[in-house]
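The next block holds one structure in the form of structure tokens; read it before the comments.
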Amino acid sequence: MAESSVSLAQEEFSCSICLNLLKDPVTIPCGHSYCMSCIRGYWDQDEQKGVYSCPQCRQTFTPRPVLGKNTMLAEVVEKLKKTKLQAAPLAQCYAEPGDVECDVCTGRKYKAIKSCLVCLESYCQPHFERHEEFRSGKLHKVTDAVGELKEMICPQHDKLLEIFCRTDQCCICYMCMVDEHKNHNTVSAAAEKTEKQKLLEETQKKFQKRIQEREKELEELRETVDTYKRSAQTAVEDSERIFTELIRSIERSRSEVTRLIRDQEKTEVSRAEEQLKRLEQEIEDLRRRDIELEQLSHTDNHIHFLQSFQSLSVPPGSTDKITVSSRFSFDVVGKSVSDLREKLEHFCREEIKKISPPASSVRHNQSIPTPEYESRKEFLKSRGSLIMLECLLTIFLGFISVLLFCAFCGRRRKDGEPPLIKGWIPFLGKALEFRKNSQQFLTQLQQEHGDVFTVLIAGRYITFIMNPLQYPSVIKHGKQLDFHTFSDSAASRTFGYKPVRSSLFPGMSDRIQRSYTLLQGPALDPLTFSMMGNLQQVMRRRFLPSEESGSDGDWQEAELYEFCKCVMFQTTFNTLYGHKSNLRLDQLRVDFEKFDAIFPLLMARVPIALLGKTKEIREKLTRFFYPQRMAEWRAPCEFIQTRMALFQEYDTLQDRDKAAHHFAMLWASVGNTIPAAFWCLYHLISCPEALEAVRAEIVNVVGEKNMQLVFEEDITITRQQLEQMVYLESSINESLRLSSVSMNIRVVQEDFCLRLDAQHSVNLRKDDIVALYPQTTHLDPEIYDQPQRFQFDRFVEDGKEKTDFYKCGQKVRYYRMPFGSGATQCPGRFFAVNELKQFVCVALLMCEMQLLGNQQEAMLDNSRAGLGIMPPANQITFRYRTRKPGDNMKREE
């Protein structure tokens with residue numbers, strides 16, 4: 001009951017404007033009471049109209065009533081306050097941005113819930129209740145709270161807008177309809193809304209479609225931005241690494257130059273101090289002599305004067321003039337640095353001009369903070385220009401630092417070391433000459449400096465051992481001369497995975513090496529069977545005419561290297577990794593060839609950020625081998641399955657690293673096999689005698705029955721049958737001898753003396769590279785008669801493989817090294833040779849081939865010198881046609 005009384009008191013003595021207890025209450029002529037400040041504020045809004053109304057009953061007053069404080073009401077309110085009957089705050093919420101505010105509230109306004117279209121005001125809950133209470137039965141049209149009520153009233157007739165004129169496309173009131181809009185096409189606002197609702201739905205669909213298109217563009221742009229960020233991050237990381245190396249190099253140069261200057265200073269200071277002591281002593285003697293002469297000048301003894309003057313007149317010490325130079329001989333250092341600084345500034349200005357936008361573009365960018373690109377290609381081009389500038393600056397700075405280092409602190413030959421050839425270009429050294437013609441370059445150095453010499457090539461000091469009789473001494477030093485650290489670092493850097501010889505992957509390197517046994521011995525049998533079937537399928541599908549074509553037996557022309565790439569790439573991929581429809585191997589091969597073209601630069605430790613789109617291509621190739629995709633491929637070989645299972649055991653190996661390992665294996669499988677297949681086929685086709693002998697051998701081993709089946713179904717040639725083909729193997733080995741320009745590399749693990757033979761030894765430095773260059777052996781006229789000529793039976797003797805070759809009367813142990821030597825031999829060499837044998841067999845069984853006339857002989861592309869089998873430098877065109885059963889391929893009697 002007390003609570004009800006309190007609530008009633010609060011309602012009776014509350015101001016309907018501020019909803020709080022009355023403060024300085026006043027009563028207006030209609031009898032309603034308000035806070036003096038509230039009613040004044042309310043009437044101040046109507047000052048311009050000159051008509052004042054009651055907020056509750058809407059009664060109007062003219063002129064503005066004089067307000068006087070209601071003393072009795074004020075005393076009642078004070079008594080309520082003394083009894084601590086405070087008005088409880090009403091459960092209202094204040095209007096937030098975007099909400100419709102109550103037009104009656106003063107101060108901070110509450111959120112409106114209703115709007116009166118007659119009163120043209122919006123009300124919160126309490127004020128709406130008072131509105132309903134005092135409208136005295138009048139029919140007011142009330143709607144949910146809406147903003148800008150004046151826009152719903154006709155400005156001309158002060159009536160509610162309820163009609164829509166389709167003729168003038170505007171909202172009108174009923175008075176407008178019978179006046180200005182008479183005879184116009186008018187409908188109710190509700191009817192027009194229904195029509196417009198349909199149009200709105202269509203518009204929404206268009207917007208949704210546009211949203212989807214924009215979202216797709218947004219996603220592409222985000223991918224572009226991500227690509228930019230990744231590229232930028234890579235560029236930053238590469239730059240940081242390069243700058244770190246440069247800083248270390250400069251620090252080493254600084255330390256060495258400082259040491260040289262200090263040594264010179266010590267020598268000059270020591271010499272000057274000796275002269276200083278001599279001068280001080282001489283001055284002391286001269287002063288003493290001067291005193292004696294002064295005393296002598298005052299003597300009266302003529303005899304004593306004459307006898308003493310003779311000895312005192314000779315000056316003590318040397319009369320030679322002592323020359324002291326205050327200049328040191330290191331001014332050239334400051335001048336060199338100053339010159340290089342000027343060159344760098346000029347270089348920066350020129351490069352910035354190349355990528356700076358024109359003036360109009362600059363003005364446009366000033367008005368629009370974010371640059372807009374018309375296409376993703378333009379965006380990537382702009383990004384590439386910035387990255388290229390950064391990379392060029394990095395290279396230039398590196399050149400400057402290395403130039404300073406080489407000028408003052410460059411490497412010098414020590415006692416016991418081989419002759420040192422550095423060249424005049426810092427860092428690069430003799431790289432350009434080596435790349436142009438490595439065999440000729442090394443042979444010339446051998447004639448000048450002997451069988452052992454050290455050459456600076458692309459920042460690495462490489463000691464070449466040119467005498468094959470000394471190769472065993474290098475190969476047996478596995479502890480001091482290691483290959484695996486170099487190969488692991490080069491492979492991880494080139495293909496973008498973490499080094500396997502890391503604490504993150506304990507035991508992985510050894511397990512990977514053991515898995516290569518699945519490419520040797522009996523494990524080759526299933527691979528041989530699979531390879532044979534895949535070869536025949538690819539040959540039939542790609543190059544042999546079908547019955548429907550009607551061209552059976554007609555000659556067809558093709559480019560020989562492209563022919564070999566098409567056949568060997570798909571065949572090797574299907575044999576190792578399996579099959580799956582829609583794999584898009586042609587596109588994979590295109591991307592692979594782009595990456596392979598840049599491969600020599602990656603091996604030369606050129607940062608991938610400097611090589612254009614190479615990183616994007618590498619990432620695309622890597623994504624092809626993600627584990628989720630490979631799981632869908634059918635019948636991968638046991639070797640690949642073992643690697644997949646091995647990688648799966650290491651949680652620290654991410655999916656991208658697994659994929660990168662598989663991509664590296666693909667390169668290892670076809671990177672050298674494809675050019676090797678070209679040279680094998682090219683030499684056989686160009687030599688009729690070799691072609692006839694090899695064909696006859698193939699027919700003799702395969703048999704006439706299988707010769708007939710090859711045109712109808714897949715035939716099988718086993719590994720054992722392939723091993724019987726000695727002329728075929730000799731032809732392949734001879735082709736590899738002529739086309740292999742590999743370099744067997746060992747990294748020196750510690751400073752030590754390498755004993756080459758009984759008479760020769762050399763001192764080697766840690767981190768240098770020792771290289772065997774087999775091409776000089778392959779083309780040595782003392783080992784091979786007419787070494788530049790293809791001789792298909794060179795490695796056949798008495799129907800068996802010939803293994804005895806001599807130099808200087810001694811048997812050469814490593815006479816043929818296309819796959820490396822010792823522990824560094826290619827673990828997949830048996831599989832590779834098997835592939836080449838099968839390729840030649842199937843090609844010669846199915847096709848008759850001829851080279852077109854008037855062609856230049858195939859030449860080696862020396863740009864990949866040191867990396868394996870060289871591709872051809874020029875195109876070779878040939879023609880081929882399908883053989884028919886009964887063609888002249890007789891078995892040897």
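Placement of Cβ uses the backbone N, Cα and C atoms for every residue, glycine included.
Per TrEMBL, these features apply:
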type	residues	note
DOMAIN	15-58	domain 'RING-type'
DOMAIN	149-189	domain 'B box-type'
COILED	197-238	coiled coil
COILED	262-296	coiled coil
TRANSMEM	386-408	transmembrane segment
TRANSMEM	663-685	transmembrane segment
BINDING	Cys826	heme binding site
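With DSSP states grouped into helix (H, G, I), strand (E, B) and coil, the domain 'B box-type' (149-189) comes out at 9 helix, 11 strand, 21 coil. Cβ neighbours of the residue listed as 'heme binding site' (same chain, under 8 Å, six or more residues apart in sequence): Ala668, Phe819, Gly820, Ala832.
Residues in the domain 'RING-type' (15-58) partition by DSSP class (helix H, G, I; strand E, B; coil) as 9 helix, 9 strand, 26 coil. When pLDDT is averaged over the coiled coil (197-238), the result is 85.
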